[in-house]
Each structure stands twice: as C-alpha cells, then as structure tokens.
Amino acid sequence: MNYYNPLLLTPGPTPVPDQILYATQLPMVGHRSSDFEAIAEQAFKALKPVFGSENEVMILTSSGTSVLEASMLNIANPEEDIVIIVSGAFGNRFKQIAEAYYDNVHIFEVEWGQAVNIPDFIDFLKSLKRDITAVFSQYCETSTAVLHPVQELGTALRNFDQDIYFVVDGVSCIGAVDVDLNRDNIDVLVSGSQKAIMLPPGLGFVAYNDRAKARFSQVTTPRFYLDLNKYLKSLTENSTPFTPNVSLFRGVNAYANLINEEGLDQVIARHYAIRDALRQALNALDLELLVQDAYASPTVTAFVPKSKDELDYIKNELKKRFAITIAGGQGHLKGQILRIGHMGQISPFDILQVVSALEILLTEFRNESYVGKAITQYMEVVKAYV
Ligand SMILES: Cc1ncc(COP(=O)(O)O)c(C=O)c1O
C-alpha cells in the first residue's frame, strides 16, 4: 500500500486548490444568461494584473496551443515575414504552427538549455534584410526550464524596429513572474489554465495591447474559431462567441480570490524562493543543473542525472514508492534530463518532500550517503523566505 499523498510536480498540469475545485463544481448555468455574464465580467477583469495588461484578458475554451496559434493568425498576414525563437519543444510548436500557414518563416535557433542572446538575435534580424512583421518567443521554455529575458528582449526589439509585434508564449510562467505589457514592450501575451494559474486544463488566455487589438481587425489570414475579433466583440458584452467552459470560468474567479488573498507579489516571491532553494538542494545532491542561475525559471527546474539508469531509477522510484510525479525531458533531451515543476499551489514544504526522497534514492543508487545533505541546503534558503 502506498501511504503517501500523491504529489504532482510536473510542469503542468499542476495541483488544483480545493477552492478552485469547489468553484468548478457548482451547478451549471446557461452560458447566454445573466448568471454567466456576471461570471465572465469578473473573469476577464480578474486576469489583468496577472498578465500585466491594461485591457481585459480574452479567454478561449481550448488548450494553450490554440492561443499560440491564435496569436500568430491574428497578427501576421500570410505573405508576411515572421521570426520565431526556437529554444526547445515549445519554440518548435510555434515553428510547426507557422509552417502550416506561412511561407516566410525565419527561425533563430538557440541551444536547448540556453537563453536567447539578445545582441546575437538583433544581428540575426539585421542579417535577414526583410521587413519583419512579428517575433515570437517563449517566456519560459518548459522543455528546458529556461526563463528568457523577455523584458530586455522586448526593449531591444522596440529599439531595433518599433513596428515589429512582439508575441510571447507565457503558458508555463504567467502567474509566477512579474510581467507588464507596457513596460516589457509585449504586444500579445498568451497562456493556459493548467500551469501557474492552477486550474484544470482547458482554457487559453490572450492579453494584448491597443496596438495589437487594432492589428487583429486588419489581418486577413483565414481563421474561424481562433478569430480573436470575435472574442473581443463578445468580451464587451461579457460573453464568449462559442460555448465556454463555464466551470473553468468560475475557476478563474476562484483563482483570482486566492491570488488576492496571498498578494501577487508574494506569490511571485514564493516561486523564486522555491526555485533558489531547490537549485541549492540539487547541487548538494551532485545533480547537474541544465540551466545557469541567471536564466533559471521560477516554475520548473531541469537537472541531469549522472546516467540513464540513475535517471530511470529516480523517476520510477519517486512515483512507485513516494507517489511523486515529476517529468522527463522532451525532444533530444528525453532520457537525459528530469524536470521538477514547482508552480501554482506549491509550498516550500511540498518541495522538501521531493528533496528528501531524492536523498534516499541517491543514497541507495550511488551507495553513498546523501541523507540530510540536500535538505540542509534547501532549508537555508527557505528560512530566509518564510
Ligand atoms: C510553454 C508552453 N507553450 C505551449 C504549451 C502547449 O499548451 P497545451 O498543451 O495546453 O496545448 C505548453 C504546454 O506544456 C507550454 O509549456
């Protein structure tokens, strides 16, 4: 019998707080009723601070990939040139979407595990000698646990050419990072429900500035369900163009209440404290970190076990004996790295469980005692935070 409470530490989906679960299970209401209008009005507004947006945030009933696709189809015309920063599996997702619709797609490859080097990227844009319509990047590249320097990138891009639209995939970090569309020169910022926003999967979010909003109505790329103009029009009527996931909209409002209680700044600080503590702990366990400190995401941490056998042992035993689920690598990093998600409703003491379980597993596997080593390092960082 397994007597541990299951602990879901994948970089999404993430544990759903009871308050959100409760809200999502309330009796159904008609989506064309005043009941739903009240829910929607609150939800569109509630997400503004989380996305650092002056405009109300659009909510689509579909997964994160749909809003990646929507962000592209509503910003660039089919014949226009677009640039994609590819630094992992989700950069590749943007690339695949682009190749389905566009002929003039330019890829800036970044080594997996590294952050974009901004001067090199600007040089790349110059070398294209093309009129670029939009640049697409991840904020957190979930597959490598890199947090790109989006604020600096936005500024550099604006200084290079202020007409370029900057579109950011924040699926795996919005809700855990300090973002501001104006300050960071982001035109469109998308995210999904099942990560730091702590909802079950099923909603996509689109934040945008006024310039992007105006652009959506000028673009001619064919789209139907993903035509953001439809969502913008409905938003003014506290509604949605198609049947929404009413339950998850209620979940958005329950999420906002939780964030308001804790305070968004505190939520963000908690994520960074856990990141820093976990990195110390992994160092103490002689586990190599994939990403350097400067670009380490506050929502997911990737590490490199010493061998494939050690990797399998950690992942399988964590699950079998301790009921802890973590994630493997994606693409060519599959079988090379493990990833611990630490976003949403995660306290420093939840992560302490995985740290202490890792001490036991590595003591067994390497036949060398790690007991107490990592948790001491971990608590040294956490004590300054709590
Ligand atoms: C950064 C990033 N972008 C996009 C996606 C795709 O989202 P979904 O799987 O909800 O379609 C994910 C999912 O993990 C992600 O982490």
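Positions of Cβ are set from backbone N, Cα and C atoms, glycine also.
DSSP gives R339 (substrate binding site) a strand state. The annotation substrate binding site is assigned in TrEMBL to R339.
Taken from TrEMBL, the feature domain 'Aminotransferase class V' covers 27-330.
Other Cβ atoms within 10 Å of the Cβ of K195 (N6-(pyridoxal phosphate)lysine), summed over all protein chains shown, number 29. Residues or ranges marked as N6-(pyridoxal phosphate)lysine by TrEMBL: K195.
Take the CB of R339 (substrate binding site) and look out to 10 A: across all protein chains shown you find 24 other CB atoms. In this structure, the C-alpha atom of R339 (substrate binding site) lies 14 angstrom from that of K195 (N6-(pyridoxal phosphate)lysine).
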